[in-house]
Amino acid sequence: MPKRYLFTSESVTEGHPDKVCDQISDTILDALLSQDPASRVAAEVVVNTGLVLLTGEITTKAQVNFVDLVRQKITEIGYTDSDNGFAANSCSVLVALDEQSPDIAQGVDSAQETREEKSDQELDAIGAGDQGLMFGFACNETPELMPLPISLAHRVTRRLAAVRKTQLGYLRPDGKSQVTVTYEDGRPVGIDTILVSTQHDATIGDITDPAAVQAKIKEDLWNAVVLPVFADIDIKPDDNTRFLVNPTGQFVVGGPQGDAGLTGRKIIVDTYGGYSRHGGGAFSGKDPTKVDRSAAYACRYVAKNIVAAGLAEKCEVQLSYAIGVARPVSILIETFGTGKVDEDRLLQVVQENFELRPAGLIQTFGLTKLPGERGGRFYQDVAAYGHFGRTDLDLPWEATDKADLLKQALSPALSGNA
């Protein structure tokens, strides 16, 4: 990396078509797990003008009305006007669900360790729901130990959605943000560009000229969104920061009418904004036996505790799994030259102190019980604005309860480096 460089991350609002799908998928998951924590769920959603398709594979004892759940979530997001081409009460909802494949189920229900190696350990009972590789990341750029660009991008979209609901009534649900941060010697030092694209009414009060409409939106967003977002942050926009709003000149047609949406298409928004690697697996609509989701949460948990313990300024963790096998195939820890101890020793301590089998992840985080314990909604709340670094939610994988344990276990190595 050069000494001075720019890094960009994006976020999208809850009304973005892909995020509509993610939230519907996780609303279905919440409803099923609330009634039957053993539910196996892979709920996929497609949205387009006037249409929602719910498909995938589900095995459950729960009894839910899928159509009602879909319409309720769309209403909550804000699509209630059929004149905009997509509305909760007028869209068609098609349901095409199958049961989980028995070939997959047999490997999840009884892991290889139990079937072939005759392990009697309870946590060896559940096999990974698929093969795959997952990454987790943490760094000390923000209090929540997230990269600054994605943290800011999420702040902008969350604030944009909030002012749509409470202050700027001419805004519509679809929207995106993008924040470009200036780095020097690996540390953020400035804000180069802030981009906001937001769906809006064609006119604002008596303002009908398109250019005047955009000027009004830009002024309002600067005052109601950008300034509050940066109010408590040391690094702020300055006279050299570019502020771009709806660069096409207009954003009236949006949401599922403007673009089809699909579950699982915003995996970089869901994670670290491109700052860390990604294994490719999406989260939403998947029950916790799917390691795409649960192991990615575990990777974040490990990485965050390492950084919180002061053992590294940056940490990336990779896990990989084989379908039907409980124990990870591989574990990798990378600290990018910022680690205070040898990575091999760090890996050893992580393996000794973190449970990384699927049943262990489910048990550690309570992943199958959380929807029922939290009033029927948990996963749908992380389906927009990121699964990590959420200071507004109580997420078990964001805990730093292992930091002191790691420091204690590695204290001899830390003393040796002093």
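Cβ atoms are placed via backbone N, Cα and C, with glycine included.
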Region 'Flexible loop' range according to Swiss-Prot, out of 56-66, 100-110, 199-209: 100-110
For Q100 (L-methionine binding site), nearby residues of its own chain (Cβ under 8 Å, 6 or more apart in sequence): R40, A42, E57, I58, T59
Secondary structure of K286 (ATP binding site) (DSSP, helix/strand/coil): strand
Residue pair E44 (K(+) binding site), K286 (ATP binding site) - Cα distance, angstrom, rounded: 9
DSSP-derived structure type at D259 (ATP binding site), helix or strand or else coil: coil
Alpha-carbon spacing, K286 (ATP binding site) to D18 (Mg(2+) binding site), which is rounded to whole Å: 16
Inter-residue C-alpha distance, D18 (Mg(2+) binding site) and G175 (ATP binding site) (nearest angstrom): 11
